[in-house]
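**Student:** As annotated in TrEMBL:
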type	residues	note
DOMAIN	1-102	domain 'HPt'
MOD_RES	H45	phosphohistidine
DOMAIN	159-394	domain 'Histidine kinase'
DOMAIN	396-528	domain 'CheW-like'
DOMAIN	542-658	domain 'Response regulatory'
MOD_RES	D591	4-aspartylphosphate
Amino acid sequence: MAKDPYRFFRIEARELVDQLSSGIIALEGTQVDPAVLARLLRLAHTLKGAARVVKQGDIADLAHAVEDDLAPWREGGQIIAPGPVGQALRRLDAIDAALASLPGTTEDAVASPIPARQSRTDPAEVNELLDGLGEIGRELTSLSELGTTIAQINNLAGALAAKLDGPHAGVASVLADLAAGAARNLSASTDRIDRELRQARDTTERLRLVSAASLFSTLERTARDAAQSVGKQVSFEASGGEAMLDGQVLDIVQNALVQLVRNAVAHGIELPGERIANGKPPAGQLRLRVARQGYQVAFHCTDDGKGIDFDAVRAQAIRQGHLPPTSPTPDTAALVALLFKGGLSTSGSLTQIAGRGIGLDVVREAAQQLNGNLRADTSKGSGTEVILTVPVSLAAMDALLVDLDNQRAAIPLDAVRATQRLSPAEIARTGEGETLLHEAQLIPLLSPRLFNDRPAVSDTAMSAVILAGAQDAIAIKVDRLVGTQSIVLRPLPAFAPADPVILGSYLDNEGTPCLVLDPTILAATPRQHGVASPGQMVPALPILVVDDSLTTRMLEESILSSAGLPVATAASAEEALEMMQQQRYALFLVDVEMPGMDGFTLVQRIRADPQQHGTPCILVTSCNSDEDRRRGERAGAAAYIVKGEFDQVDFLRRVRTLVQS
């Protein structure tokens, strides 16, 4: 692969441009600090020198012009007006465009106003290195299989020595000893190489990562330019820049956040006069908070503007044909979804940053492309918060697959310290629960019913997975160790916040979603799950969750189990009817849209059943029309929960009210 001759210059230059841009924006309208200005002049001078080294005269001339723009304020004490600041920033834009058009290893890049984030490593080289490590890992597996063969030779030689007499027995015994020694040495070597390979892979994976702080300068500049174009004032703040993400993820997120910032300025932040009249400072507040959450990162974009005008959104949706004029008033979640769908704008005029209905669909597409989640919360007169949650990396993670109480789950492999076959002699009971003897130490041993409180016929757990905790290791029982596999983590649906131990989901080889457990939460929260609070009645009969989506079934089951409620699940209405013949239930949670019999029909069948006709039913669905609600009431549903408005506290409150009534 040909080397990019401008690779290091491009990286250094973009870092210098970012620092110059944020520093110059901070100068605008303030009294100049000579030390700050001296630092900016040094940055511009460094950029000019670097450009000349690689024979990029145009970039060097632009950097020199930035020096000229800043030089008159070298002494400090003056206030820089917007004009000179804007001129310097335009020169930096031109430098960015020139950097984007520099020839690389393949085709010349297309100049873009939003330059891609770059790490100091070539992604292609990182991928090549990872492929090489993977090949070594496969060769190591072959060596491990050779160790098994040597162990078999050892066993055969030992058996032969027991049957032979005289010198032949001695030869066989020596052969057995040699084979045993070779097997031990090979096992020790492969274990050591395997550990070193994992360390090398972890180190290489980290080379992909880029700091979230690399976005901040671009977003601050976007906020400033958007505000100036519409006569508004905006103060931009960012935090959480230490979070590290895959550079490819960050590129996609950056485009989405740029659109969110522009939208907040155009539609959220009010004009200075309007803000003052409403008791707000003239400058709007725009904040970006980046928060790492296990294997995911959440970007919280918040403004203190006027919030979303849902009446205006609905009126515009009707005018543009997105909603029929006679339709029932949709809920706020549906209207927010319309805004993110694209093509809908409530701006009263056409400007460079608003009025075409283009922008928020970019945010939705970014969430979909990254298998992420998108959520918006708004308060009239107070502002709006949009939360974009994405995985740290698009690369697959290695996971240990286990069967846990008849359910397939995955545990990130980097958190697994060891696995162990369960033996009654190594399990002890204490006042706090079970413990497992592991490497001469007793560690907490958690039952699979940590995730599922429905009654079990017998404890079928055969193995334990030992996880590395913040202080001590813990072990969880599993029915079966399935093996290891590379998986791509998918965030959980936003409508159904689950037990914290559920990190997300992945798709198996058949496309079925399976849960991924969060080892950090598992190791930190051994025994709270599945215990009812004092004074809360636990029903004698289980709750039946009926949903064709495995992910939704397991999410609802996890929430209920965590609250100490016994749960059973069915993947279809037909399966639920079969289960009703064997068992009575305290409550039915029924999805509306399922293959075969739908939820409305199932509720009607439950009402007609002599044994279950009095059992309450809750419809849980993404549908939210008045007609669907009326159909649910006619069918006999006691409550109707919309997935887009899902609230875990309210959900449990409704469930407890119905099962205890």
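The backbone N, Cα and C atoms fix where each Cβ goes, glycine too.
Unlike curated records, TrEMBL annotations are generated automatically.
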**Student:** To which of the modified residues H45, D591 does the lowest count of other Cβ atoms within 10 Å belong?
**Tutor:** H45
**Student:** With DSSP as the yardstick, break the domain 'Response regulatory' (542-658) down into helix, strand and coil residue counts.
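**Tutor:** With helix first, then strand, then coil, the domain 'Response regulatory' (542-658) has 57 helix, 22 strand, 38 coil.
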**Student:** Tell me the Cα distance separating D591 (4-aspartylphosphate) from H45 (phosphohistidine), rounded to the nearest angstrom.
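**Tutor:** Per the Cα atoms, H45 (phosphohistidine) and D591 (4-aspartylphosphate) stand 64 Å apart.
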**Student:** Within the domain 'HPt' (1-102), how many residues are helix, strand or coil going by DSSP?
**Tutor:** 77 helix, 2 strand, 23 coil
**Student:** Averaged over the domain 'Histidine kinase' (159-394), what pLDDT does the predicted model reach?
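**Tutor:** Across the domain 'Histidine kinase' (159-394), the average pLDDT comes out at 80.
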